[in-house]
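Annotated features in TrEMBL:
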- 1-22: signal peptide (SIGNAL)
- 64-222: domain 'MAM' (DOMAIN)
- CYS229-CYS241: disulfide bond (DISULFID)
- CYS236-CYS254: disulfide bond (DISULFID)
- 269-425: domain 'MAM' (DOMAIN)
- 428-454: region 'Disordered' (REGION)
- 428-447: compositional bias 'Pro residues' (COMPBIAS)
- CYS475-CYS490: disulfide bond (DISULFID)
- 491-637: domain 'MAM' (DOMAIN)
- 647-803: domain 'MAM' (DOMAIN)
- 805-963: domain 'MAM' (DOMAIN)
- 965-1132: domain 'MAM' (DOMAIN)
- 1140-1165: transmembrane segment (TRANSMEM)
Amino acid sequence: MSLPGHLLPSLVLLVAGFPGWAWVPNHCRSPSEAECNFVCDCSDCSDETQCGHHGASPALGTPFTCDFEHDPCGWRDISTSGYSWLRDRAGAALEGPGPRSDHTLGTDLGWYLAVGTHQGKEASTAVLRSPVLREAAPTCELRLWYHSSSGDAAELRLQLTHGAETLTLWRSSGPWGPGWQELAVTTGRIQGDFRVTFSATRNATHRGAVALDDLEFWGCGLPTPQASCPLGHHHCQNKACIESHELCDGEDNCGDLSDEDPLTCGHHMATDFETGLGPWNHSEGWARNHSAGSPEHPAWPQRDHSRNSAKGAFLVSLAEPGNPAVLFSPKFQASGPDNCSLVFYRFLHGSEASCLQLFLQTLQPGVPPATVLLRRHCGELGAAWIRDRVDIQSAHPFQILLTGQTGPGGVMALDDLILTDGCKPVPEPAAPQVLPPAPQAPAPETPPSSLRPQNFCDPGHLSCGDLCVPPEQLCDFQQQCAGAEDEQDCGTTDFESPTAGGWEDASVGPLQWQLSAQEAAVGRFLSLQRAWGQLRPEARALSPALGPSGPGCELHLAYYFQSQPRGFLALVVEAGSSRELVWQAPGSTAGGWKVDKTLLGARRRPFRLELMGLVDLDGPGQQGAGVDNVTLRNCSPMATTERDREVSCNFERDTCSWYPGHLTDAHWHRVQTHGPGYDHTTGQGHFMLLDPTDPPARGCGAHLLSRPQVPAAPVECLSFWYQLHGPQIGTLRLAMRREGEEDTLLWSRSGTHGNRWQEAWATLHHQPSSRTRYQLLFEGLRDGYHGSMALDDVAVRPGPCWAPRRCSFEDSACGFSTGGQGLWKRQTNASGHAAWGPQTDHTTETARGHYMMVDLSPNALPRGQVASLTSEEYRPLAQPTCLTFWYHLSLRSPGTLRVHVEEGGRHPVLSIRARGGAAWRLGSVDVQARWAWRVVFEAVAAGVEASYVALDDLFLQDGPCPPPGFCDFESGLCGWSHLAWPGLGRYSWDWSGGATPSRYPHPAADHTLGTEAGHFAFFETGVLGPGGQAAWLRSEPLPATQASCLRFWYHMGFPEHFYKGELRVLLASAQGQLAVWGQGGHRRHQWLEAQVEVASAEEFQVVFEATLSGQPALGPIALDDIEYLAGQRCQQPAPSQGHMAIPVAVPATVGGALLLLMLLMLLGLGGRRWLRKRGGCPFWSDREAATPSFDNVLFNADCVTLPESVTSDPQ
């Protein structure tokens, strides 16, 4: 298993693939057999283009890759049903069951190959096939990332077809975890042409949503011909060069089989198990087998090594744990000048408890046999045949013993045992001799043999005194045994013990981690040494399974690292299918030892620590790497300090009791004020920050948790300040967690809430006299990729909170009480079976959203009766405030909705009595209260069947309530909605001020005040990217009008001559959308006025749309001082100094729009013909004209001249 590229961005040569390249013509005429053979025969590598990867001429140690960002790289769908593969991206189908982001970029703008959900109950298989590929080397490995949550597919399968045989490289029926999963398979040596196919099968119970991304072919090219070879290398017959140890190793490394020539290798004693065991003998536990017709075992080898075929034979261990299988060689003479060497291929897959050991047993007359351990391989090494070699020198006759024990669910196998000609069998016929008792091979996750459990403990349990410690309590950082035997060999070690603290080498390539002693020092340490593996170049060492750990868990280590020009030393935490880089050596230590530490934090069991290293031992200088004195400190989850009780925190000193979770690779970080990021406490201090893309992440979100707390009171109030800022930011949630219970959602917000700190609070309810501990959890979801989330100044106090200033009813009823009758109910229409109420809520505008609703039918509430909904107490108000809410009335007149303010007494402030409709409508009341107060909503029934009243999205904002359609943006967005629409890419208009630091460019001053202290709405079009769509800012529903004037000021900050952004005004109604005004982005950095005269025969909304008219361009579009003058026609304003007045009068009636559209088409055609006769187009004026249309395309293109009645020159 490799370290994903996004975890080690600096290690480009090993773990980061090249970006996808666009297809280029093949100008190099290479032979057809040289195309798609993983070798760049042409200087531009054009012979390797569209070969299932892009021919990027990879440097040494880098793969051929395809990230699907530009094209499918030659992969084709060959499905025979509607269930098929296509190139897609998350931004095109955000509501589907597929991934929310690609793997390459980690955002919704990246591309991948996917199969969507397929309707129907019949079983269907979607098949994706590569182009014809040629000549895979024995070291060839295919890595890819796939996305298929459990329940999405019945089976996934990766196959390779060459000749008449199809090899199954991998298949799985799940379960699969959430998010992107890595798959790595080896192909083995493939001669001639072959294809790779990836198939997904669905049935009636599986939706079938599967995605693929970032395919990489590693080490697949055969060596190329060379005029001469380096010293110590072998020159093949085809002039390729290979290392000398690759001669006669059972693999076609040259590509022409000359390295396995019988003339050279005929003196070796090779056993491929095709016809038997050859000279080897075995006790119980080993058996010859094949892949074809093999048992249905998920870890079973899909092919042998000798023939790379499912029909080939190999030797497999059937031994139970504690009773190893033993395979022993013939007796050999004492070693001569030439060592006796054994080359063999091992397969350990499916269990961490499997273990293969190789022993040398010397035989002397009259002396009991002496057994020495020469090689040990334990754990999960993947579904691959891995080469190994042992060189033996013995002054006495000897035998080689191979012992294997298989862990639960695992498979261990051997193939191609090759004894060199230095292994001389004993010549005289030996009488049958009883094999001495085989040595016992300890499993990797058990304690040393001196601590073996006694008979009264179950297998796998540790016996200490009278205790039997189960496996899940070993290495859990909590001592069970009096002598701490259960916490020995758990990663902490000075490497002086032979058990090495439980660390096991898991390398499969030319490097390995082994115990070593430095000549000038006393003691041993773990160092990188040469190995015989043929696969991945990096060396890996794994700790035992650990955890759970506490938030303060740290790892301390000493290390040295010397590698030039490339290489690395790193520590990774492996938990299931997720891998997280937690430490990396910053650079070479110039030959000396250094000490460092890293925070591991709170993690669930089981997790493993993995040491990874790569150096060039043949490079210049003293290259190498070593690790010593590894110590895990403060890792007990039960350890507590005074700081652990500090929920209240301003993050200036540290994070108090708060710590980041590690379920995904996205994390909260404590940061200091810098640039656009500033804290709330002082404006110069620290705060907690989550950026969805920096550093790059692929997980669904990040957690920030408090240490477990004991309630200080039955009711507590948690307050905090938060920021949700950016054109496409995701969701921030607060939940309370108790052991053994589901998390209780307390609060959530989605999308941007402006470039400022917002205060929020939530009431914590505990059971009376309960001492049950609880945790608080902030969760930031990566369902948006442009912006940032921040937290600061968290505080908890006894007693309930004030009523929240904002309530969407998504998480709870916000403390509203329904009186004795309980007629108001919080509901959603997600099932589609709600008896009464709107089909969608107002917050999310989906059926999944929540709102409060009261049924006013006569059988529920008689005519004239009242149903009350009363808020909790609001805090006293220091200034006049506007309370806004959205209400929905049934089509049949439901009665009256009355609003009261309670401050001492009850005061009516609003009464609504009207017929309903399909839309939510905005209500607002001005509130002034010097003392604590409540708001009461009363629904008075009219005695009409199927009638109801619904409420949603209450918001308390500073300042008096503005008229409908008006906003100066000084206190917020007023009644304008910036909901992120999935169909438009989930982008939102934002709110900011000129003086507020921001990562996105915006005007330096607003229009209202003309200073940096003012505020405005803005949108940065540069985030849209290729394929990006638009952001909408919508008014409340406005009544039908024959003529009304929309007046506003806008600002476009695009560079000169880079005309990409566009601002448009749309009228949206039940009949559709009508574009009535538009402006391109080639404007100076100043505020400009615009007026649009509108008319509509039915209720409508005004929509400001920010979009692109071409390729992405960095530049903001801003709005300020919007006025909607109902029933008034626009008047020609006098231009004011420093601004430009741009009135545009456009009737918006349907008939007039159609007539004008036809006229413009005729004028455009005639104008184009006239301009062609005149020899070109005149330069377009500084202002782009606009005219209405029903297809959202404005006639403002070059070379189209509009009549004077439609356009107006501002100059």
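Glycine is no exception: its Cβ is also placed from the backbone N, Cα and C atoms.
Unlike curated entries, TrEMBL annotations are predicted automatically.
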Stretch-level contact, the domain 'MAM' (491-637) and the domain 'MAM' (64-222), CB cutoff 8 A, at least 3 pairs: yes
Cα proximity to CYS254 (disulfide bond), best match among disulfide-bonded residues CYS241, CYS475, CYS490: CYS241
Minimum Cα separation from CYS475 (disulfide bond), reported as the residue among disulfide-bonded residues CYS229, CYS236, CYS241 that achieves it: CYS241
Residue among disulfide-bonded residues CYS236, CYS241, CYS254, CYS475, CYS490 with least C-beta crowding, 10 angstrom cut-off: CYS241
In the chain carrying CYS229 (disulfide bond), residues 6 or more apart in sequence that have Cβ under 8 angstroms from it: HIS235, CYS241
Cα-to-Cα gap, CYS236 (disulfide bond) vs CYS490 (disulfide bond), nearest whole Å: 48
For the domain 'MAM' (491-637), mean pLDDT (0 to 100): 90
